[in-house]
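Student: Just dropping this structure here.
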Amino acid sequence: MKWLVLLGLVAFSECIVKIPLRRVKTMRNTLSGKKMLNSFLKEHAYRLSQISFRASNLTIHPLRNIMDMLYVGNITIGTPPQEFQVVFDTGSSDLLVPSINCLSPTKRPCSKQDKFKHHQSSTFRFTNDTFRIYFGSGTMRGFVAHDTVRIGDLVSTDQPFGLIFLESWLDIPFDGILGLNYPKISFSGAIPIFDKLKNEGAFSEPVFAFYLNKDKQEGSVVMFGGVDHRYYKGELNWVPLIHPGEWSIPLDRISMRRKVIACSGGCEALVGTGTSLILGPRTVVENIQKHIGATQQCFEYFVSCSAVYALPSIVFTINGINYPVPPQAYLVKDSRGQCYSPFQVNRANPSAENWILGDVFLRRYFSVFDRGNDRIGLARAV
């Protein structure tokens, strides 16, 4: 399935591999037009190249923006290579793509994604290891296989990955997920691709970073093995992880108009590139919606688009540093001309004071994930 078209534009600079991207019609707009968006949000809450140049040990890989705030990039699997559009997700650890034999629970073929044709790859090998992942109202089942995986010019031979043979997702505008979290949360038990490449000496530094462009068409990248300083302003502020082994950091408080509205005693936040929204506990999210004048329609909250000039910034204080997100960043207009709030209930844990800072936050702030020092760096994106 090809929801997006890549423009073959390539930018090169010293010590960089860069693959530019483009966004076309988004999934959110498509579902809104068909009046299917509320059903999608209810059933699928978060659980969740191309041309490449490489110099030195820094690889910059392009991402495309879909569903207004979801970013995907291309990888290939197999010999000869088969191409897949995947979400680069810091909230999970596994590389997952559908098998050519994948079925839905009703025995119909899986969603219209591209599917891996294992019989066409000369480097593919099976294992007897299986896995099952539960999410929301459905499940995903598969087995662990091995094959050659390429991210731009990065090559991982005999890479273990999850090959899905049963899934209950609605049609989705991407093929799979490439997890970038620590190995300990892997569902399949396979070594994540970043760890395997790191162990093989593919990177001069065990880091990766995200620049998520606000532009609707192109410019977003994920970079491996280093940081391109042209993508942010000022200095990186480093935040130690709460629990080494997961990309969660301490959140001091959340405030609006200099008044604390959440996390008054501190809480924690997962920095999650695999979700478009900012997710938090139900009571706090509902309080934020009241502060910004949002009205609920099923599972979404809408705000008058004209309010963007009157609403205050929402400030996330992390490790003593304020990270404001202005209304121009947290209000998003859909295809119907309505503006919606990105603050949503974390349905996986609706009562706990745990947050997920998704792409609404990360479009504003360049992020560096440092595996060598168990920390995350944040700076204002250009």
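Any Cβ shown, glycine's included, is placed from N, Cα and C.
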Student: Quick test of reading the record: Swiss-Prot lists a disulfide for CYS110. Which of CYS15, CYS102 is on the other end?
Tutor: CYS102
Student: Pick out which of CYS263, CYS298 Swiss-Prot lists as the disulfide partner of CYS267.
Tutor: CYS263
Student: Other than its own, how many Cβ atoms are within 10 Å of the Cβ belonging to CYS305 (disulfide bond)?
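Tutor: For CYS305 (disulfide bond), the 10 Å Cβ neighbour count is 14.
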Student: At a 10 A cut-off on CB-CB distances, which of the glycosylation sites ASN74, ASN128 has the highest count?
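Tutor: By the 10 Å Cβ neighbour count, ASN74 comes out on top.
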Student: Could you tell me which three-state DSSP class GLY272 (site 'Ancestral active site') falls into?
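Tutor: Its secondary structure by DSSP: coil.
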Student: Round to a whole number and give the Cα-to-Cα distance in Å for the pair GLY272 (site 'Ancestral active site') and CYS263 (disulfide bond).
Tutor: 18
